[in-house]
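Per TrEMBL, the features are as follows:
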type     : residues  : note
TRANSMEM : A:52-69   : transmembrane segment
TRANSMEM : A:89-116  : transmembrane segment
TRANSMEM : A:128-147 : transmembrane segment
DOMAIN   : A:149-438 : domain 'NADH:quinone oxidoreductase/Mrp antiporter transmembrane'
TRANSMEM : A:153-171 : transmembrane segment
TRANSMEM : A:183-205 : transmembrane segment
TRANSMEM : A:225-250 : transmembrane segment
TRANSMEM : A:291-313 : transmembrane segment
TRANSMEM : A:320-338 : transmembrane segment
TRANSMEM : A:350-371 : transmembrane segment
TRANSMEM : A:383-407 : transmembrane segment
TRANSMEM : A:427-448 : transmembrane segment
TRANSMEM : A:479-498 : transmembrane segment
Amino acid sequence: MAATKTTVDITAAMVTEAVPLADWLLVAPVLLTMAGGAISIIFRKKSATQPWIAITTIALVILSNIGLLNHVLTNGVVTMVMGSWLPPFGIAFTADPLGALLALTASVATMCVAVFAMNSIAENERRYGFYPFLLMLLCGVTGSFLTGDIFNLYVWFEVLLISSFGMQILGNEKVQIDGAVKYAVLNLIATTLFLAATGLLYGLVGTLNMADIAGKLKAFDNSGPMLGLATLYFLAFAMKAAAFPVNFWLPASYHTPRLVVAAIFAGLLTKVGVYALLRVMLLLMPEGRDWLASLIGIVAIATMLTGSLGALAQTDIRRLMAYLVIAGIGAMMAGIAVGNEVAVSGAIFYSMHSVLIMTALYLLVAFMFQMSGTFSLREIGGLYIRTPLGAGIGLILLLAVAGLPPFSGFWAKLLLVAGALEAGRGWVAAGILVSGLFTTIAVGRLWIFAFWRGGNEHTVDGIQALPIAGSSDAADISWSIWLPLIVLTALIFVIGILPETMMSITENGAKTLIDPTAYIGSVFGGIR
Amino acid sequence: MNTLIFRTVAPYLSALMMLFSVFVLLRGHNEPGGGFIGGLIAVSAFAIYGIACGVSAVRRAMKFHPMSIAASGLLLAVVSVLPSLFLGQPAMTSQWLALPFLGTVIDLSTPLFFDIGVYLVVVGAISSIALSLEERAD
């Protein structure tokens with residue numbers, strides 16, 4: 001039986017004019033990483049070629065992301081709708097300066113990790129899929145940064161979570177499974193909250209397209225449900241970002257995976273949570289942010305203080321770094337709590353800085369472990385004599401994470417403090433400064449113990465103790481370990497010396513977030 | 001599950017299910033069905049075959065490693081997104097090709113290849129899980 005065919009004119013619902021080739025840069029990172037991931041799964045047994053597949057793919061992604069950032073900065077917010085279906089029906093990929101900048105930074109950090117892992121991930125763990133997972137993680141992360149659809153954001157969250165579960169248990173140790181369970185359970189709860197909130201939001205406004213939501217919520221009279229939703233989203237993303245008091249999973253799980261894995265987690269995963277907060281709180285629900293501002297401020301201050309105090313209390317370097325991640329999250333949330341252009345620009349700057357610095361610091365920990373054979377601040381020591389270059393890199397990175405000039409962290413904190421004072425939120429500014437002080441003490445203590453002191457804690461001043469058995473010489477450290485460390489340090493240094501370009505990008509990003517006209521205009525073109 | 005009846009029936013049953021899974025995959029564009037559900041049916045076929053005849057028989061029958069099947073499916077799905085790149089259209093815009101074949105017309109399209117990609121990803125990923133679970137039980 002032949003079905004009766006009805007012809008429907010669908011051209012009204014579709015993009016009909018030609019799309020410039022440059023717009024494909026929006027989907028290129030996702031397509032490239034997916035294809036690269038697939039190819040590296042097919043060649044999973046060839047562990048010698050694995051890194052090169054990943055490195056080539058990520059290099060292409062970096063190039064494409066540079067092109068995209070350039071495209072966004074010259075032409076404003078860029079949108080591409082999947083399958084030519086006009087928004088809000090087609091899923092939109094929308095890149096504003098915030099998304100494009102973070103996507104670029106994330107791909108650079110992933111590249112450094114991919115190179116670093118060439119030597120530090122054992123052969124059999126490569127067979128268990130380190131590189132495919134790394135590529136799919138990057139796929140999920142860039143997808144989250146570039147999508148313009150809130151349900152699609154959820155999907156990318158899933159992609160990156162599944163890959164991160166796989167990466168976390170590389171090595172099959174009991175303690176890793178333990179860490180992974182804590183990580184997985186809390187992340188699943190957060191994802192469920194996110195999904196529930198998205199369902200409710202869809203019930204409220206009948207759309208999932210972020211630009212459409214932003215426009216519709218602005219015209220929404222009944223603010224009660226919207227405020228509830230904002231709170232729900234805040235809780236969900238605060239869990240992902242590891243904000244106080246839902247951050248206990250982070251120090252409990254980040255010291256268990258391989259250090260390169262921890263590096264990419266610390267660099268990217270929490271930042272995706274912060275990015276989602278920026279997007280939802282500032283672009284979609286500015287009213288909700290205003291209403292929650294004091295709460296976010298308190299949470300931010302508590303996160304910064306618990307993070308920096310926690311770092312001060314730790315004797316295991318890996319756990320110390322985990323607390324530094326948390327302290328940084330607090331600073332970014334402070335930017336959201338303040339919410340004016342300067343502070344949001346600072347939060348974007350800090351996110352970018354945090355991706356680089358946290359990746360670099362965990363790689364530094366891996367380097368220090370290889371040099372000294374221990375993670376304990378009591379046992380470690382004498383690294384300055386054995387590796388002056390390593391000590392220099394360590395000093396720059398540690399000062400940068402504390403937010404001291406002339407490194408990238410300083411400018412981010414400067415913007416945050418200036419924004420907070422401008423908005424009359426002196427408490428938030430004080431929180432940033434006090435936590436910066438604690439962080440400085442914590443990292444100073446780390447540097448002095450690990451590099452300056454001659455040996456372990458019983459070493460008398462001026463005496464160089466023998467290295468611990470099992471540690472390697474600086475000459476044995478391969479180029480694949482030095483290169484990522486040096487590149488990341490150089491980036492942090494250059495951004496610190498020449499912050500104007502970066503500041504203009506983050507300022508642009510903050511403007512686009514706070515005034516969504518450009519974003520909405522890009523998605524709906526001249527239609528509305 | 002070592003009964004004679006089951007072992008005799010299982011190969012025929014899984015062959016039928018495989019056929020049905022392809023049917024469900026192909027009708028998926030206009031009617032209920034599609035790559036995901038078709039893939040699940042195919043995996044059930046492999047699972048039944050595996051319960052009856054053992055995991056190694058399934059691995060032989062599949063020819064390729066399940067992970068490679070999944071990966072090639074993912075690659076196919078990615079490739080199916082690309083044709084619109086050369087036509088100046090947004091990603092994933094469907095391209096159709098009406099192919100005359102033996103007096104009838106076959107509509108080939110990029111969504112079909114995307115769906116086949118999904119089918120392969122599901123077949124590869126789920127059967128990889130099912131097989132390794134069954135291997136543990138042995």
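Including glycine, each Cβ sits where the backbone N, Cα and C put it.
The model shown is predicted, which means the values in this text are computed figures rather than measured ones.
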Same-chain residues near the transmembrane segment (A:52-69), Cβ under 8 Å, at least 6 residues beyond its ends: 22, 25-26, 28-29, 32-33, 35-37, 39-40, 43, 78, 95, 97, 100-101, 103-104, 107-108, 110-111, 114-115, 131, 134-135, 138, 142, 505
Surrounding residues of the transmembrane segment (A:427-448) on its own chain - C-beta under 8 Å, 6+ positions past either end: 297, 300-301, 304-305, 307-309, 311-312, 317, 320, 323-324, 327, 330-331, 334, 337-338, 377, 391, 394-395, 398-399, 401-404, 413, 416-417, 420-421
Range from A:128-147, A:183-205, A:225-250, A:383-407, A:479-498 with most C-beta pairs under 8 A to the transmembrane segment (A:350-371): A:479-498
Stretch-level contact, the transmembrane segment (A:320-338) and the transmembrane segment (A:479-498), CB cutoff 8 A, at least 3 pairs: no
Stretch of maximal Cβ-Cβ contact with the transmembrane segment (A:225-250) [cut-off: under 8 Å; candidates A:153-171, A:183-205, A:291-313, A:383-407, A:479-498]: A:183-205
Distant-in-sequence neighbours of the transmembrane segment (A:291-313), which means Cβ under 8 A and at least six residues beyond its ends: 227, 230-231, 234, 238, 242-245, 247, 251, 281, 320-321, 323-331, 333-334, 336-339, 425, 427-428, 431-432, 434-436, 438-439, 441-443, 445
Distant-in-sequence neighbours of the transmembrane segment (A:383-407), which means Cβ under 8 A and at least six residues beyond its ends: 324, 328, 331, 353, 357-358, 360-361, 364, 367-368, 371-372, 413, 436, 439-440, 443-444, 446-447, 450-452, 454, 464, 467, 473-474, 477, 482, 485-486, 488-489, 492-493, 495-497
